[in-house]
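Taken from Swiss-Prot as is:
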- 25-45: transmembrane segment (TRANSMEM)
- 69-90: transmembrane segment (TRANSMEM)
- His75, His174: heme b b562 binding site (BINDING)
- His89, His188: heme b b566 binding site (BINDING)
- 105-125: transmembrane segment (TRANSMEM)
- 170-190: transmembrane segment (TRANSMEM)
- His193: ubiquinone binding site (BINDING)
- 218-238: transmembrane segment (TRANSMEM)
- 280-300: transmembrane segment (TRANSMEM)
- 312-332: transmembrane segment (TRANSMEM)
- 339-358: transmembrane segment (TRANSMEM)
Amino acid sequence: MPHHYILTLFGLLPVATNISTWWNFGSMLLTCLALQVLTGFFLAVHYTANINLAFSSIIHITRDVPYGWMMQNLHAIGASMFFICIYIHIARGLYYGSYLNKETWMSGITLLITLMATAFFGYVLPWGQMSFWAATVITNLLTAVPYLGTSLTTWLWGGFAINDPTLTRFFALHFILPFAIISLSSLHVILLHEEGSSNPLGTNPDIDKIPFHPYHSYKDFLLLTLMVLSLFIIVSFFPDIFNDPDNFSKANPLVTPQHIKPEWYFLFAYGILRSIPNQLGGALALVMSIMILFTIPFTHTANLRPMTFRPLYQLMFWTLVSTFITITWAATKPVEPPFITISQVTSTLYFTFFISIPFLGWMENKMMHLN
């Protein structure tokens, strides 16, 4: 075994010749993770987890710390880039049937949940107006849990309201969870390379494989360069594009913002939550909007793996994509007609996609046998 065996392992990794650009997002996610850990460390050095000083410490980072503004913007916009990549990565897995590699899919969805928790805790840390109220609304959902709800909420807050202990523990969780993400990512990659990645045709590629390096590594590097370039263009010219104007004001528990909403990457789940007028029902729908992804490997009934040759399933998939975008857009709007109706219709369509998977598979199998 050579002394640089890990590099050799990745270099000689056998990969299907026909994987497309959609398979590049794994390496892009790894880059995002490295960037987030690095910038997060430099921010944590200057951040103060105290409700009286947190907002001021962010101002201090952006104004007084050398290149602090860049670190802060890279970390905030890097999170958005992370979610763009992970949503495309999941969509590719859905489209090309990668979920049939069950262990890899399960570890990937666990990764998504951990990432969402990390991002939520991070959004609270600047202690701006929207940070505070988003944290209040989302953590309040725990009160919907029968019998234990109030105790759970008090335990999470560290008191009877969101206060100093809440911010301290959220900072601790935001610091520790990325290490869980790194561990899960390693497990995800190990499980993936145990069976090998899928390909656009959904066939067994064992007879036609090439080394990962140099063929696919250069292909990955192209999209990676475009992503980093986009990131730096946004950081330099449009740093506040994903920010909420309310978050430029310090948290004030006495003043409620006109429209409370989380970061854009949670809006689809928040839109589903808001579309149900019952608190427990909304909380369950919110949890199920992510958890339902775990069921997909078990509901696949089609003879073909990818959607490449499945027109019915393709139609449903692109309906899901447009539904996802519409829920996200509707969740940015106030809770009033017609946005309530739009949210309810799109939420129903979102869950319909996952429920219809086995029936579509059976229907397509039947049509193929008829032909």
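Cβ atoms here come from the backbone N, Cα and C positions, even for glycine.
His75 (heme b b562 binding site) sits 21 Å from His89 (heme b b566 binding site), taking the CA atoms of both as reference points. Taking Cβ pairs closer than 8 Å, the transmembrane segment (105-125) reaches residues 47, 49, 54, 79, 82-83, 86, 89-90, 93, 98-99, 131-132, 134-135, 138, 166-167, 170-171, 173-174, 177-178, 180-181, 184-185, 187-188, 191, 262-263, 265-266, 290, 293-294, 296-297 in its own chain, all 6 or more past its ends. Taking residue pairs at least 6 apart in sequence, the transmembrane segment (280-300) and the transmembrane segment (312-332) share fewer than three C-beta contacts under 8 angstroms. Within its own chain, the transmembrane segment (339-358) has Cβ neighbours under 8 Å at 268, 271-272, 274-276, 285, 288-289, 292-293, 295-296, 299-301, 316-317, 319-320, 323-324, 326-327, 330-331, 333, counting only residues six or more beyond its boundaries. Below 8 angstroms of C-beta separation, residues 22, 25-26, 28-29, 32-33, 35-36, 39-40, 42-43, 58, 61-63, 108, 112, 115, 119, 122, 227, 230-231, 234-235, 239, 241-243, 263-265, 293, 324 of the same chain, each at least six residues beyond the ends of the transmembrane segment (69-90), sit close to that stretch. Put simply, His174 (heme b b562 binding site) is 21 Å from His188 (heme b b566 binding site) when counted between their Cα atoms.
Most Cβ neighbours within 10 Å, among the binding-site residues His75, His193: His75 holds that distinction in the structure as shown. Under 8 Å from some Cβ of the transmembrane segment (170-190) lie the Cβ atoms of residues 26, 29-30, 33, 36-37, 40, 44, 47, 49, 104, 107-108, 110-111, 114-115, 117-118, 121-122, 124-125, 135, all in the same chain and six or more residues away from its ends. Note: the CA-CA distance between His89 (heme b b566 binding site) and the residue listed as 'ubiquinone binding site' rounds to 16 Å.
On a Cα basis, His174 (heme b b562 binding site) lies 29 Å away from His193 (ubiquinone binding site). Over all protein chains present, the Cβ of His188 (heme b b566 binding site) has 21 other Cβ atoms lying within 10 Å.
Around His174 (heme b b562 binding site), taking its Cβ as the centre, 22 other Cβ atoms fall within 10 Å, counting all chains.
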